[in-house]
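The structure under discussion appears below in the form of structure tokens.
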Amino acid sequence: MVEGGIAKADKTEFTECWRTTWKTPYIMRLAFSAGIGGLLFGYDTGVISGALLFIKEDFDEVDKKTWLQSTIVSMAVAGAIVGAAVGGWINDRFGRRMSILIADVLFLIGAIVMAFAPAPWVIIVGRIFVGFGVGMASMTSPLYISEASPARIRGALVSTNGLLITGGQFFSYLINLAFVHVSKHKTTSIHQINKNPEPRWLEPVSDRINCCVYVFTPDIFTAIRLRDVSSQRKDTAILRRVSSFEALQPATRFVCLSLTPGTWRWMLGVAGVPAIVQFVLMLSLPESPRWLYRKDRVAESRAILERIYPAEEVEAEMEALRESVEADEAIIGDSFGAKLKGAFANAVVRRGLAAGVTVQVAQQFVGINTVMYYSPSIVQFAGYASNSTAMALSLITSGLNAIGSIVSMMFVDRYGRRKLMIISMFGIISCLIILATVFSQAAIHAPKIDALESTTFSPNATCPAFAPLATPNAPPSGWNCMKCLRSECGFCASGVQPYAPGACVVLSDDMKATCHSKGRTYFKDGCPSKFGFLAIVFLGLYIVVYAPGMGTVPWIVNSEIYPLRYRGLGGGIAAVSN
């Protein structure tokens with residue numbers, strides 16, 4: 001498989017993998033337990049895309065400030081850089097197993113902090129902790145699997161880490177969609193009130209939940225603000241998605257909808273569950289045999305090799321391990337500084353780092369994080385305003401990503417790492433060019449703004465930037481849905497035809513409710529477009545061509561191209577670049 005840092009493809013490796021793990025389930029147990037780190041990596045990458053939609057609804061400042069949205073998303077990446085950088089040293093100093101346990105603790109802390117965050121800055125702190133865990137897990141999990149696997153099936157088992165990353169992303173979208181469904185249909189009580197009610201608060205059925213009261217009247221649908229029962233104060237957050245009650249008759253009534261903790265809190269908090277599972281599983285698993293041998297724990301190293309290799313191969317593996325470790329110590333010693341110096345003095349390692357860092361950087365430059373972090377938002381940009389619709393369509397893209405990882409496991413050794421990445425890159429570039437063209441045309445052909453439509457709601461409902469121009473006899477030129485949204489206003493689509501001219505109205509929850517009450521759709525992130533379906537198709541194709549090549553292969557390559565003595569260091573440097 002690997003000799004002197006050069007990867008040799010074995011076309012029968014995956015067939016051999018199934019055969020070996022069937023005979024020795026302990027090997028799969030090692031790989032799967034460590035691979036949960038990849039699942040956590042994928043979950044925390046994907047979950048924020050859906051949670052962000054609801055964080056914006058609970059915190060007005062997040063909804064209005066795009067830099068705050070970007071900060072919430074990107075702080076996990078910043079934390080991952082630090083986690084990967086420190087992870088290389090922790091791996092060599094304390095071992096692979098301990099590094100995974102530390103990463104689990106960081107994941108759990110981050111999940112708890114985010115689930116109970118009272119303000120956006122606390123969510124950011126939680127994202128940083130999660131990022132630390134992502135950084136450590138991203139380079140430790142494949143390293144542990146690589147060193148605790150038989151050489152003949154190492155590439156196949158390392159691929160399971162990539163599969164679990166994409167599986168975690170799919171699982172996160174599934175969780176997001178599930179909580180959206182539950183939150184839209186879980187009502188605790190419905191009561192009739194008098195014919196001429198004044199908006200008032202409904203006392204909740206339990207003092208441990210908060211309620212949002214919706215007041216229905218025959219002519220308008222008004223959302224009342226959330227009440228914090230424990231402190232008897234009215235919060236600034238407003239519950240949205242009023243369309244979920246369209247099936248109710250237009251009679252005067254109010255509904256108490258139990259949604260506390262917020263939907264996004266559950267989405268982010270669930271990440272703590274697999275972290276706990278992996279922590280418990282890793283407590284019963286051994287350290288990497290190579291790391292143990294380096295620490296003069298030879299008997300423990302042999303005991304592990306006896307469980308993963310046939311008896312007749314153990315002595316040969318022990319001898320190979322001894323020669324490798326002794327060569328390491330003779331050439332570079334055991335200190336981090338000496339190892340770093342020795343790495344850059346070694347031509348094989350330098351070439352390996354050049355290749356490993358390049359493929360990891362390329363993986364990011366193709367835009368996958370933008371797609372995974374903002375997939376529901378991208379779907380809304382394509383013209384699908386509903387949160388649940390955006391979640392459902394995003395679930396398809398993440399599912400394609402997981403399927404692509406399985407395809408990669410089947411073909412990576414048959415066709416080679418390099419060929420898969422080249423084919424993948426060509427497809428990615430083609431899809432991105434087409435997507436850019438589609439979104440450009442969607443913006444150009446966005447529905448026009450109708451001056452009469454924009455003034456029919458109420459005197460204060462028209463967008464402030466549009467109001468001075470809104471004269472029926474002289475409709476303003478150049479105003480369409482996109483210009484309306486760029487003016488920080490909302491677009492209330494025509495009730496007759498969604499692509500017909502609509503109204504440019506103020507960006508508020510009351511206006512959204514009013515728009516929905518008239519059987520229309522309210523847009524604030526994207527515009528209704530005939531090109532929307534085409535954008536979703538090529539977004540899916542982008543994932544299809546990304547996953548088998550650029551999605552999985554860089555991780556396989558970085559687990560194989562470094563000599564054993566530099567594997568932890570090389571993997572850490574490459575993970576930082578990712």
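From the backbone N, Cα and C atoms, a Cβ is placed for every residue, glycine too.
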Can you dig out which of the ranges 157-179, 341-363 TrEMBL describes as transmembrane segment?
157-179
What residues elsewhere in the chain lie close to the transmembrane segment (531-557), defined as a C-beta under 8 angstroms and at least 6 residues from its ends?
7, 142, 155, 158-159, 161-163, 166, 355-356, 359-360, 362-363, 366, 368, 371, 375, 378-379, 382-384, 393, 396-398, 400-405, 407-409, 411-412, 417, 420-428, 431-432, 434-435, 438-439, 441-442, 445, 574, 578
Out of 30-55, 98-117, 157-179, 264-285, 420-444, which stretch touches the transmembrane segment (67-86) the most, going by CB pairs under 8 Å?
30-55
Contact between the transmembrane segment (30-55) and the transmembrane segment (420-444) (at least 3 Cβ pairs under 8 Å, separation 6+):
no
Summarise the model confidence on the domain 'Major facilitator superfamily (MFS) profile' (30-578) as a single mean pLDDT, whole number.
76
